[in-house]
Every structure is written in C-alpha cells, then in structure tokens.
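A quick write-up on the structure given underneath.
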Amino acid sequence: MVFNSLDFFIFLAIVFILYWFLFKKSVKLQNILLLISSYIFYGWWDWRFLSLILLSTIVDYFVGIMIHSSESQSKRKRWLWVSVIFNVGLLGFFKYFNFFVDSWIDMFTMFGYEIKSTWTLQVILPVGISFYTFQTMSYSFDLYYKKLKEPTKDFLSFAAFVSFFPQLVAGPIERASNLLSQITNKRSFSYEQSVSGIKLILWGLFKKVVIADSLAPIVDDIFANYSTYPASTLILGVTMFSFQVYGDFSGYSDIAIGTAKLFGIELMSNFKFPNFSRNVAEYWQRWHVSLSTWFRHYVYIPLGGSRVSKLKSVRNIIIIFLVSGFWHGANWTFIFWGAFHALAFIPVFLMGRNTIYKNSVVGENSIFPSLIEIGQVLLTFSIVTFSRIFFRSESITDAFNFIKRITSNFSYEIYNHPMGYRMIDYYILIGVFILYEYRIRKDERAPFKFKSKIIRFIVYTIVILLMLLFFDSNIDRSFIYFQF
Amino acid sequence: MKKLFFKSCLYVVLILITLEIIVRIFHLSKDNPSRFVDEFNVEKWVPNQEGYSVTGNRRQNFSKFYINNSGYNSYREFAPTLNKKELALVGDSFIEGFHQNYYNSIGKKIENKLQDFEVYEYGYAGYDFADQLHLIHAYKETFDKIDYVVLGLKFENDLMRSEYNVVTDRMHLESPLYRNARKIKLLVYTQNIGVLEPLWKLAGRIASIGKKANSNEEKEVTEAEIQYQQNIYVDNFKSLIDKYGFDKTRFILLLNVDVTPQHFLDYLNKNNFEYIDFGNALKQSKKPTTLIYDRHWNNHGREIIANLIAEHIKKSN
C-alpha cells in the first residue's frame, strides 16, 4: 500500500476511526490495532516478508531483555552483537548477497580468471528492510548505551514500535528512546495535532505528485538516453533529479510524520529544507536526518567521533559516508556517492565549519538571503547535485560516462522531451517551489503558516489545483526510497 | 473530534466549489456534445452544438468544434448535388477531428488542395466499419450524389461486427445521470485526467466481491488464434459489404498497411478495392504526427493525411 493511493486513504480513515472511537480507552487495544494495521499495511505488498519483521522483532525484544539483565559489560556487548549480526545478516542476505558474489567474480575476471556465477540467488528485496532493521537495532543500542533505562516488557507495544506503519517502509528511522515511549504511554486526541498532521500529509502529497512524479519522466528520459544528449541537457537532467528525489523522499517523510500525528505520535523531522544548505555539513544536518542521526549515534560516536585525533576523525567520516552510501543499495554507484560526499565533507570539517550552521537557517534575520549566502547555497546545491549522478546512474560506468559527456565537450541545446512536454511549465514549477520553500524555511513542520485564514485557504486550493494540473495517471507512483 | 470532522468537511466543500469555478474560468475540461439516434437509426451528434475539446491536465491541446445540421463536426453544411464535385470522409474520431479547430480540419485542408471540391466529414468517435456502411446505406440518396467516399478502416478495431446495431453502451452516456454529472466540470476534468480511475477500480473490486475471480493472467495468443480472429474480421468485412453495398468506383479505403494483415490486403487487391495507405507517410515524417497525451493526429499528421487523399483524388480524376 503506498501513501499516494486511494487504498491507503481508505485504510487510514478506517484505522483512525477505530483508534479514536472504538479503542480510545485502552492503550493496549490501540497498540494492538496499530500492530494489526501495520501488518496489513505491509502485507499489502507481500505478506511473506511479514515473517522477517516478526523475526527481527522477537530477536531484538529478547536481546533487549538480555542486555538489561546482563551484569558484565562483556555480556552486554555480546548480546548487542547478536542483534547487530542478526539484523545486518538479514540485510546482507536479502540486499547484498548477490552484490558481493558478483563483485568477487568481477574482481577475478579483472585478473583474467573467468568464473561462472552459480552462487547468485533469485532474492526479492523486501520493502523497507533497511529501515526497520535499523530501527530495531536502535532499541538494542539504546539499551546498551543506557539511553533507555529498561527494556519494555510489553511485546505487543514493542512489535507496534518496530512495525509502526507510517514509517515502516521508508522512515523516518526512529530511535527507541523517542518512539517506543510514546507507544507505551497513553495518547489523547488533539485537534491541533491532527490538523497539523493533515497539513503535513497535504504538503507531502504535493511534493510527491507535483514535484517528484511530474519530473520523473523527464529525468528518466535524460538518464536513459544520456549518450545522445548534449551537456546542457545532462545538467538539466541531474538538476531535475535533485528536485525529484527531494520531493519524493521528503514528501514521503511528511506524509509519514503527518499520519503519525493523527494517532497522537510525534516522529522526528527527516528533512529540513536541505536545498538551502550553506555547506555540505549543513546539508547532512538537513537531509535524511533520521539516517544521519542513526549513523552519528551508533557508528560515528562509538568510533570516537571528532573527539579523537584529526586523522582518526577523518577516518571516521570516511567510514560513515561509505557505510551510508552502501546502505542505500548494493551497487558501486552508491559507494562512490558516499565517497564523494566524504570528500566534500572533510574540507568543511578540517576548517572547523561543520557545525557553524547547526542552529540557523539561510536568511535567518532577514527576508532575503545575502549575496554570500546565495553563493554558498548555489555551491552546495551544485556539489550535492553533481553527486547525484552516481546516485541515479544504473552503473558506475554510466555515471562516469555521464560526467565525461558534461566535462569533455560542453554544448548547449534546448531540451525537448520526446513526448512533447511543455518544459516551461516545469521550469516555472521548480522556481515557484524554491521560492515557497524559502518562505517556509524556518519550520519544516508548518508548511502552511499564514496568519490570514483566507490566504491559507487560497494556498490549500492552489496546492490541490497544482496536484490536478500535474497529475499523471500513466507513471509508476511508488516512492524512490522503497528500493532501499 | 467533532470540530475536526466539521471543519474538514467545510474545507473540502469550499475547496471543491473553488476548484469548480477555476476549472470553468480556465476551461480546463472538455465540452461534451449531446448525441442521439436519428430516424434512420444512425447515431450522431445533436445538430448545431459548439464547444471546446481539451486534452491534457493543463490544456495542452485546446480546439473548437462545431456540429453542423447533419450532426457532424464541420465548418460547412453537407448539401451534395449532381453538379458539384464532392468528397465524403467517413470514419471515427480521427476523421471527426475534435482535436483540431473545426475550421482547420482534414476536410478543409483537402479543399485547399482540391479547389473545386467540397469535402464532407462524416466523422464520429467510435464509428466502425458497420457504422460507416450503415450510414452510407441509410443516407443513400445523399451519398449517391457524392463523387468520392473515403472510409477510414482500422482492421483490428473496425471489423468486429458483421452487421449494424445501435451501440447501446454509447447511448447510455445520454442518460440523465451522465448528463447531469457532465454539468459538474470538475468531475469531467478529474475523470479525463485519470484522477478518478482508482475510485472506479475500487468500485469494480467491491462489485466483484463474492463473484468468481476472472483470471487476470494474460494468455499468450497463438498464431493460429490470431489467424482465426483475422479470418472472422475478413468475413465480417464481406458480410457488411454484401449487406450494405460498396461502390468500388467511388469508395476508397483509408488504412495503414503496416497494421493490416497481408492476406486482407491481398483480398482487397484481388477484388479491386481501392485503398490509400497512410502508414508509410506518417512513419517517414520527421516531425511528430500525433498530439501530446493523445494518439490522434496533430495538425502535421492531418496535413499528411489530407495530402495523401488529395493526391489520390487528383490521380483518379
């Protein structure tokens, strides 16, 4: 079931009514409802993989109890490793097994030894496996690092935490210390929270339908036929992909956060207007925040973070970016993407500028950004967009050929989509979107913050009208991050 | 909770009303002319209607249509005489031409090329070969005065029937329910762009609950089955011309050789049926010949078709 489908909205309405009318008085019943709903939501794709979620839930539930009850540090560590090995093992098998086998064969082929691949398996990647395995692991980590004082004894609540449907398949990846406590505690209906949730759902749908889905056919065409297009078109393609992937993923996150709000649960923000970042470090504080936070807490800091020597810190940065890249997919393109970001991040880190924008936004105290800020934003956007050539290309060879075509012989030509799309519509759309996001840049949770009710109403209407104007019934409407 | 429910409903209603107004102001949805079945059992448009045909979410194609006294989209009235030279185009939506301003139709383009001819466009969306021959047969007196009649024929679609009957499914669109629904322009618009498709699919799924599920698996069609089906179409063609007549001295088929089976073409050649192939000419065009979001011919495509017909008539003359 995808968020941008009629099935989902009917499902959501039914669960919402049951949750607040029938099961209102008992947290336990509400959690059972959330658990069943989440399993139905996931089973809509493929019910067979529900067993993986259940298995992961059982393992981490018991690992949590064992970590807590173990007295010696070594035993606690051993139990933590059980959780890590199990979850990473699941990921490794379903997501990376074929990649490792193929890479191994490729390596031998490079040295002149031909090996026939008999080890690769016909494995389907279970939707959202990278997200829920990381979420369950966070529970074991939080217990190990004592961010959670004690494990939950309520298995149903824990299972509801692991499989909470709004964020099950594409995040935000929640930490147990934030989400589990909300699930175990009583929730009460709040009008303001629900309205805020509906607004976020609307905004998320807008980003998905109007920005991501409408740009998708253009990006697909340019990347599929990059060898026939001039450099200017390739730049256009990757720039549009930047907006597509942002609209797609941040749209999903907004719908997830908004949906959770309808059930009285607050999820962490996942996107904080990353397109207005002034350096790459700020970008990573604003893009896919839940994953960055996960890696920071559970990989970077345990490795010593920035409290070790500069050299070791640089090593740690390289590790988390490579792992983060590899997390996205079993393809060298993602590893190169991670490596590229590490290379872009390290100079910022070495200059001590990695945290200077942590608590501010572009144009913090003024309506317009300064010229310096505009320059910084454009430079950061260009770096990030360039890295997306690796992210979007089918293979590493395609990525380098794409770059080669841009850099070796620059030529300009007006792009016309083979289907004859009116391109000016999309340029205006992106321009208006940038300006609107700049207007709301200070609060990612309030996309319709206007004092006047009339203006608010006009904006809602325009947003829905644009969804109609750019709706395309012929394209695949699934979310990009489902593949991860 | 009550507050949330009532405010949500209020917002939804207000937004729908505002969108309806916007769709009307910017004419985002197409106008649907009314249809009827005349005294000769011919389905056609109610005469003297005009409106706009719209394609795409953002009016990517916008054109005016005008239904003349005969019930067809054309800038001219159809009044054939024995003295003038006339050409009739009979066919489906491609001839009907709602996707182009009615004063810039294929017929008009042909008239520009054949100065002394009047061209009558008997185009109607959904007309198959049975509809076409029944029309000519029913209005025999009129068509007997016309010098040439070009009939559009898509082998795979137009020969499914061996005799003419009124297509009741199409006429259901004139029921009070549909007529009233069409007055809500937002509904027409959302239907046209596919927003309502999931809703209809869901309704279908609900309606089929309890019924035996049809196997959705597409069976691979064998060569023998294709051949069998094509033979039926050829037989239908023969039955139709037997029943309604086909004047080989004046009637010309307009078809795409690329998608027409060779044995049918052989049959046409062997039996002296004249035809114009438009497939090759469209294929050779460097510019697109169809509209965006629509497979109908665009202005360039129509120009090519008009050229082919005009050249053929010049040769026959």
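Using N, Cα and C of the backbone, Cβ positions are placed for all residues, glycine too.
Note that this is a predicted model, so its numbers are computed, not measured.
If you check TrEMBL, you get these features:
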- A:6-22: transmembrane segment (TRANSMEM)
- A:51-67: transmembrane segment (TRANSMEM)
- A:79-97: transmembrane segment (TRANSMEM)
- A:117-134: transmembrane segment (TRANSMEM)
- A:317-350: transmembrane segment (TRANSMEM)
- A:371-391: transmembrane segment (TRANSMEM)
- A:419-436: transmembrane segment (TRANSMEM)
- A:457-475: transmembrane segment (TRANSMEM)
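Across A:6-22, A:79-97, A:317-350, A:371-391, A:419-436, the stretch most heavily in contact with the transmembrane segment (A:457-475), judged by Cβ pairs under 8 Å, is A:419-436.
Tertiary neighbourhood of the transmembrane segment (A:317-350): same-chain residues 95-96, 98-99, 103, 130, 279-281, 284, 291-292, 295-296, 299-300, 303, 306, 310, 383, 386-388, 390-391, 393-396, 399, 483-484, selected by CB-CB distance under 8 Å and a gap of 6+ residues from either end.
With a threshold of 8 Å between CB atoms, the same-chain residues lying at least 6 positions outside the transmembrane segment (A:79-97) that come near it are 52, 55-56, 59-60, 63, 66-67, 70, 120-121, 123-126, 129-130, 133-134, 136-137, 140-141, 144, 326, 329-330. Long-range contacts of the transmembrane segment (A:6-22) within the same chain: residues 29-30, 33-34, 37, 40-41, 44, 189, 259, 262-263, each at least 6 residues beyond the stretch ends and with a Cβ under 8 Å from a Cβ of the stretch.
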